[in-house]
Each structure stands twice: as C-alpha cells, then as structure tokens.
Amino acid sequence: MELSLSSLRFPQNDIVQLHKCSQPVSFHTFSNKKLASKSIFLYRPLIWHQPRLVRFKAQSSTDSNASDDKHGDDDFIIEDVPHLTHFLPDLPSYTNPLKRSQAYAIVKKTFVSPEDTVAKDIIVQKDSPRGTHFRRAGPREKVFFTPEEVRACIVTCGGLCPGINTVIREIVCGLKNMYGVDDVLGIQGGYSGFYSKNTLNLTTKVVNDIHKRGGTFLQTSRGGHDTKKIVDNIQDRGINQVYIIGGDGTQKGAAAIYKEVEKRGIKVAVAGIPKTIDNDIAVIDKSFGFDTAVEEAQRAINAAHVEAESMENGVGIVKLMGRYSGFIAMFATLGNRDVDCCLIPESPFYLEGPGGLYEYVEQQLKEHRHVLIVLAEGAGQEYVAQSMQAFQEKDASGNRLLLDSGLWLTQNIKDHFTNVRKMSVNMKYIDPTYMIRAIPSNASDNIYCTLLAQSAVHGAMAGFTGFTVGPVNSRQAYLPINRVTETTNTVNITGRMWARLLASTNQPSFVHYCQTVRERVDKQTIDAINNMQINSI
C-alpha cells in the first residue's frame, strides 16, 4: 500500500512513525503519557495546528530486519504549516482555476503533489538520516476560495528594500491572472494603516509599472502593530487573504495576526513574504533585494577606489548595509576585487598592535600608495559606543539605532596616522546606504520577487495560513513563520566563502583577537550591546 502524506491526519503534539509495507498500515502514535497502536483510515489533508515535526520511516515489508546500518531506516521529518481546515474543518474545496488556464495548459504537471517536499539539507553522508523537509510551494489541485469571495489585502512594513513594489505587483497580477480575483486592497503606511488610514484599490492597471520605482507604493512604517485592532479591521472590511511584506519583526506580527484569526475562527489566510536587504533571514537561500544591493554597491566602491588611488596615501572607506550580518559587504567585496579590507559584524577586529587594522593599512599604503576598506554598518559598534560613552535608543521596530561606525573609523585612521605615525593621509568616506535601498530591483531580483509573490498566492488560495515563503536549496517552499524569525542568518567566518574573501583581499583574519585590547573595552559596554534585541529591518 502506497502511503500519501495527504491522506493522513494526526493528533496534535505527537510524533508519528509511519511504515510503508504491503499490509494494511499500522500507525504507532507516541506521546509523553501513553503509547497507542491503532489502524487508521482517514482521507483529509495533512494539517497541523502548529509547526510540526513528523518522522516518516520508509521500510519494505521484506527487509524490515535487514538494515544494520548506523541509522537504521531513513529518518524523514516534515516541518509543516497550518491550514484553514484545522480550525474550520467543514470548509469546502474547489477545483483550481488553473486547470482552465491557457498559459498553464502547456505545463506537464500543473499542480504540486501533496507528497512533494523540499529538503533543508542537500549535502549528506551515505548513512545520514533524510533530515528536515518543508512543504513545497506551488499551485494545488484543490483550492479553498472561489475568485468571487476573495478580498485580499497587501501591507508593507519596516525599512525600504529593492523589490518591494515588484512583490506588490506580482501578488495583484497573480491573483487576477491565475485565479480571477479582482478585489485587492492596499493597506497604506504599515501595520498602523489597518486602523488609521484609508486603503487603495489595487488593480493590474494601477500596479502595472510600479516595479520600475524604488521604495514602496503603499508606504511603510515601523511599529504600530496592535493585533486585535488589526484583526477587527480585517473582519470589518471583509478581508479573507492578508499578504504581509516585512522583516522578522513584521513576520512575528504576521504570526500574531494568524493566531488571533484562528482564535476567532474566521476564514482568513495569512501569508508572509520575508524582506530584509541584509540577507539575514534564516533557512531561505537569500532575501529579495540582496542581489540589487550588491550590484549597486559596486558604484560606491568603484568611486572610492578612484578617489583613493588618485591621491598620495589615499584611504577610501565605504560603509554598506549590514546591521548584524555582513553579507552585502562580503559579496560586494568579492564582486569587486579592488577592496583591500572588508570589516563585518561577525568578525571582530582590532586597530592597534601586531596584526591590527592600523598595521595592515600602513603596509598597504607603503606598497600601493592607497588602500580601500569596505565596512558593514554593524561592524565595530562596541568601539564606537565606548568612544561616545553613550548608547542610542531603539527604533519602533525594536532595532537598535546604530552609531556611525564609518565616520568613527575614518576619523580614527586619520588621527592615528597624522598624530602617531606622522604620516599625511587623504581620507575619502562614502556612505551610499540610503541610495542603495531606494533604487528599483534589478532583473534577477524581479524574477525572484515574482516567484515569492506567486508562491504566496498559491499557498493562500490552497488554504494554507500562518506561513511564509522562500527558496530552500533553490526550490520555493512554505515555512512556519517561527523558522525565519527565531534566529538571524550570519556570515560563517570559518566557512569557505569568508576564506575566499580573505584570499582575495589578503587582509588579516583577526582570529587571534587580542585579549588585552578586548579588556580595554569596558565590560559593561560590551554586555549592554550584546543584550540588545536583535531584529532585522
């Protein structure tokens, strides 16, 4: 008998082991309190109230005792997302309109199988368990909304990022062109717009060319999240699909909205589209806008290089985005090849002493008469805080307001060489951060944003809710929201990509972080910084 993930429904808070065999299937359900064994024949979609871990063991009836390897049977774990039918079990389903789509008529397999999953890890050993998987994104054969009943809304929150307008456009166009949905509202001004501002009626004509503009067509804001007031507004307006574009703080808000919707038992699908220019979202391959940011950063780096090499003892410094993760600085450096040193938050550095930044800068000036440094905005914050003897407050999203490490580094290098080394240096400092985040997305990000938007639309129409979307190993997947908010993706400074950068720049690795230098930084200052809440924009 062939097992289908879509034919089973399991009790909550249990781990279930499934065995594939030629006899009627026996399901052994384990809990902390009891062990039950029973035969089950259910044919409802596989739904879980909260993100679930389900272990699936594939085993032939003829070799059940034959496996003597380290792990035994293959271990298959699915982290699934909620579905409307969990709290609305009598919802009817309908045939997907894509069956009648002329565009999709050429597709050999139009609909994603209920059994399709995406592996979290694709590099495995021979005896490795099969590991964690996520539900594959895409259109389903059955949907839980008719085009006539859908009233969708889109909201953008947090900081700007290239590609936001493309996501908005493709949600509207995807709903209309794939599912025949005409009623889409734009919530203006972030979460607070649900209860404090008017809405826009979004049609394919209205959003036709917004992808050519930077920023967000719907405007944005930080904070303003009041779950009950937002869900009250959703109910009052008759909205039943909510698309939320934003960073981890915004996605936490999306999870709160989903929980309130479920508590009230209303038919509303909540879909998140993760956004952060820093590429610091966990699990997914990358965030939209990142490619555009890396490409646009080249202009600033090239300008700083021209300025530095055109002057005797020229020092060019470029500050890029990277609050807690240095991906933009790292990739921009690798893509440029003129950069002599890249400083990121993940790799502590020190200024003075053997192997320090000052020594390396002086060496470069003697050999090449100029030096070019790329700095992520979050790098060196402990030094800046110590020198200013003050802490700045957090913004409305919970992010700490960073001190300007670029200006601090520029001034310190100038003071050191002028006053200590008695050398004349010409400093050129460029901060293009707001210019980069305000531009339209490039072609690569436009395609990526389209995939994200269409995956979110397919998921909401199929009845999934409380989920977010993104590529996992190059395949679009539906993820539990907590998976993209519980940790921050950071550069692995013991990994190959950072090693490639060190080989490109020949900069010191700073791995032997001088303990005496660390002790000069006030312990209370470091502790206060380390205890600050980490949120991506």
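Placed from the backbone N, Cα and C atoms, the Cβ positions cover glycine too.
What TrEMBL lists as domain 'Phosphofructokinase' is 152-458.
Taken from TrEMBL, the feature ATP binding site applies to Gly159, Arg222, Gly223, Gly247, Asp248, Gly249, Thr250.
Asp248 (ATP binding site) is surrounded by 26 other CB atoms, counting those within 10 A of its CB over all protein chains shown. Residues or ranges marked as Mg(2+) binding site in TrEMBL: Asp248.
Taken from TrEMBL, the feature site 'Important for substrate specificity' applies to Gly249.
Counting only same-chain residues six or more apart in sequence, the Cβ atoms lying under 8 angstroms from the Cβ of Glu377 (substrate binding site) belong to Lys319, Leu320, Met321, Gly322, Arg323, Leu402, Ser405, Gly406, Thr433. What TrEMBL records for Thr276, Ile277, Asp278, Met321, Gly322, Arg323, Glu377, Tyr434, Met435, Ile436, Arg437 is substrate binding site.
Residues or ranges marked as active site, proton acceptor by TrEMBL: Asp278.
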Near Gly247 (ATP binding site), which of the binding-site residues Thr276, Met435, Arg437 can be found within 10 Å, Cα to Cα?
Thr276
Rounded distance in angstrom between the Cα atoms of Met435 (substrate binding site) and Gly159 (ATP binding site):
13
Which one of the binding-site residues (Gly159, Gly223) has its C-beta surrounded by the most other C-beta atoms within 10 angstroms?
Gly159
Hey, of the binding-site residues listed (Gly247, Gly249, Gly322), which one tops the CB count within 10 A?
Gly322
Work out how many Å separate Thr276 (substrate binding site) and Gly223 (ATP binding site) at their Cα atoms, rounded off.
16
How many other Cβ atoms sit within 10 Å of the Cβ of Asp278 (substrate binding site)?
31
Residue pair Arg437 (substrate binding site), Gly249 (ATP binding site) - Cα distance, angstrom, rounded:
19
